[in-house]
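> Questions regarding the structure given below will be posed in turn.
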Amino acid sequence: ARMALPALALLLAAGLLHTQASPSARSFQLDYEHNCFRKDGAPFRYISGSIHYARVPRPAWRDRLLKMYMSGLSAVQVYVPWNYHETLPGVYDFTGNRDVEAFLDLTAELGLLVILRPGPYICAEWEMGGLPAWLLWKPDIILRTSDPAFLAAVDSWLHILLPKIKPRLYQHGGNIISVQVENEYGSYYACDHGYLRHLLGSFRTLLGSEVLLFTTDSTRAEELRCGTLQGLYATVDFGPGSNVTEAFGAQRRVEPKGPLVNSEYYTGWLDYWGEAHASTSAAWVARGLEDMLQLGASINMQVVSWQRAQPAAGYMFHGGTNFAYWSGADYKDQYKPVTTSYDYDAPLSEAGDPTEKLFAIRTVISKFQPLPAGPMPPATPKYAYGWVALRKYAELLDVLDVLCPSGPIRSQFPLTFEALKQAHGFVVYHTQLPWDVLDPATLGAPPHSICDRGYVMLQKEYRGTLERDGQTTLNVTGRAGDTLDMLLENMGRISFGANTSDFKGLLGNLSLNSRPLSNWLIYPLAIDTAVQQGWPHTALPESSSGGRVGPAFYTGTFETPGIAWDTFVKFPGWSKGLLWINGFNLGRYWTRRGPQQTLFVPGSVLHVGRPNNITVLELEGAPPTPLLLFLDRPLYNRTLGRSTPATE
C-alpha cells in the first residue's frame, strides 16, 4: 500500500485482439510493440495521484478531486478498503462517506480517469491493510493465501464489489482504465501464486476479459518474483531518491515489453506516534517526476512512503485523515502505530490545501502536457474558534452500564477482542485480587500479549499503563478482594510488515508475581454507539470525583460565529485519548508522544446556530484546567523531549 505518484499499473488484457478489430470501440490496452498504453487506439500515458475517499469527508470530495484535476493529473488512483464496507460478515455499508459509487461517478464528472485498487488487501497504512478484523474470528485463518476460509470470504466480497465496478470500466463507457489485483504481494511472506491465480480468475470472471489488470511491487527481485503472475501486468513503485533507470530496469526484468509504470511514487513520508514528523522536499519530488516523464513513463503519485532497506512504495497526492479507529500500524522490530493525520507532506495537505509541492509538480507536468484552463481552487477557509472549557463528566469505570449495556462476559481467563467479536476501540478486563498483596508485587503479562495498551486501575485508581513492546510490568499492593481493572486499547491492526495476524486485547494471562489471575468479567465497550446517540450530553450529570488521572470522559460545547469552517484542535496539557464532535469520531490524539499535536476538524461536522457537542475520552491524565484550543492551522511536528513546547 505504499504507492507512488500518479502512476498507473496496468494489466494484461486477455481480450486484446478482438477489441483492436473495431477501432471505434472504447479501449484501453497494452502495446508491447511500442512500449506504451493505447487509449482508443492512440498512444497514451497517464499522470495520476492517489486519493482515499475513506479519509476525506464526503462534502470535500469534489474540492479535492477538482484540485487534482487542475494540477494537471489525468487520473486518480483509488483504494477500496474491504473492512470499511463489509463491517460484519455479509453486512455491507455503501452509504454516506462509504458510497464508493458516488465517489467514482464524481471522478468521471470531473474528467478524471481512475486506476482502481480493490485489494482485497490494500495496505495503505489502513487498519489491517483493509482486511476485515472479523476474518480473525477464525483464529487459525491464514490471510492472503489459498486458505479456503480466506478465499471464501474474498470471493463473497468480490461478488458484491466488482459488479458495481464493471459498468464503470472504460470499455463499458466508464472511466476506470485499469484495476490492480492484490497489493505489493511480493513483500508478504507467503509467496502463494495459487492465491494470485485464484484472484486473477475471480477478477476476470466478474470484470470481463478486456479490462487491464496489473500488480504493484517494489523493485527488489525477490518481491517481483513473488508478487507477479502471468496474465497480470507487472508495475513497480519507488520514491524520489531512486535511480529511475535502475528502478525501471527492475520492471523490465519481469516485463521486457510494455509501458514503464511507477504505481507509487512517493511524494511524502509516513508518521508514526513517537517519531519525528516526516517531510520530503518539493524540489526533490519534482526532479524525480521530471526524470520519469522524460522516459515516457506513466506515474502515480502517492503521499506515503516506507523506510525499508530498498525503496518501497510511498504515495498520496492527497492523504486526508485516519478518522475514528482506521489508522493502521507497521511492524519493524516493534509495533509502530500510524498517526491520525495522514497529511504525509502530500501535494494537497490534510485539509485539502495546495502546497508548494503541488505547484512544483504542476510546473513539471506543464512541460509535458497542457494544463487545464483556469485557476487552482484556493485553500479552504479555516477558523480559530479559540479556547473551549470542558468539564469532567465521569470516570470510565463508572459508566460501564452505558458503554456495555448487554453486561459483561464471564471467563476464567482473558479473551481477545476477536473472541469477543469486538473489532475496534476498547475492552475492560475486571477481576479481584485473590490474596493480600502487602509488599509490592509485579503485575505483568507475557511478552507481546498486551495489544496494544493497557490502562491499569486498582480500586478504581489509575496505577499506570502497560504497553506492547514497551513497559509490561507494574508494581502493585492491595488487599484480597480489591478490584483490578485493565482498559485495553486497540491502536490499529498491523497493515504492513508482519507475517502474523494482529489479534487485540489481552492475549495471555495477567499475573501477580507470576501467578495467573483468573475469574474475569470482560466488558466490550460500545463507546461510539453511545456517543452517536447523544451520550453523555443528553444524560443526567454524573457526580464525578475530582481526580485528573485515569480513563475519564470530559464534555463541553462551543458555537460557531455563523460559519462552520474547517479548524484544528489542540490538546494543551492532555495526555492521550479520543475526540468526538457532534457524535463524529475525529480520531486519536497523543499529545504526550507526538509528533502530531492537533486533530483536523472538517467544517462539515460542525453545526451553525446551535451548540457543538464535544466529548473527550482522556486515558491517562487531563490538565488541571481542562481546555481545548481551536486553531486555524495544524501542528504536526512536536515530539516530547525533542523540542520546546509548541507556541499557543
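Quick reminder: no glycine exception, Cβ is built from N, Cα and C everywhere.
So TrEMBL says this about it:
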- Glu184: active site, proton donor (ACT_SITE)
- Glu264: active site, nucleophile (ACT_SITE)
- 37-367: domain 'Glycoside hydrolase 35 catalytic' (DOMAIN)
- 414-525: domain 'Beta-galactosidase 1-like first all-beta' (DOMAIN)
- 551-609: domain 'Beta-galactosidase galactose-binding' (DOMAIN)
- 1-21: signal peptide (SIGNAL)
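Walk me through where these features lie, including what they touch and how far apart they are.
Counting every protein chain shown, the number of other Cβ atoms lying within 10 Å of the Cβ of Glu264 (active site, nucleophile) is 40.
The domain 'Beta-galactosidase 1-like first all-beta' (414-525) scores a mean pLDDT of 96 in the predicted structure.
Counted with DSSP, the domain 'Beta-galactosidase galactose-binding' (551-609) comes out as 3 helix, 27 strand, 29 coil.
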> Tally every other Cβ atom lying within 10 Å of the Cβ atom of Glu184 (active site, proton donor).
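Glu184 (active site, proton donor) is surrounded by 27 other Cβ atoms within 10 Å.
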> Per DSSP, what is the residue tally for the domain 'Beta-galactosidase 1-like first all-beta' (414-525) in helix, strand and coil?
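The composition, in the requested order, is 0 helix, 58 strand, 54 coil.
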> Using C-alpha atoms only, work out the spacing between Glu184 (active site, proton donor) and Glu264 (active site, nucleophile) and round it to an integer in Å.
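Checking the Cα atoms of Glu184 (active site, proton donor) and Glu264 (active site, nucleophile) gives a distance of 10 Å.
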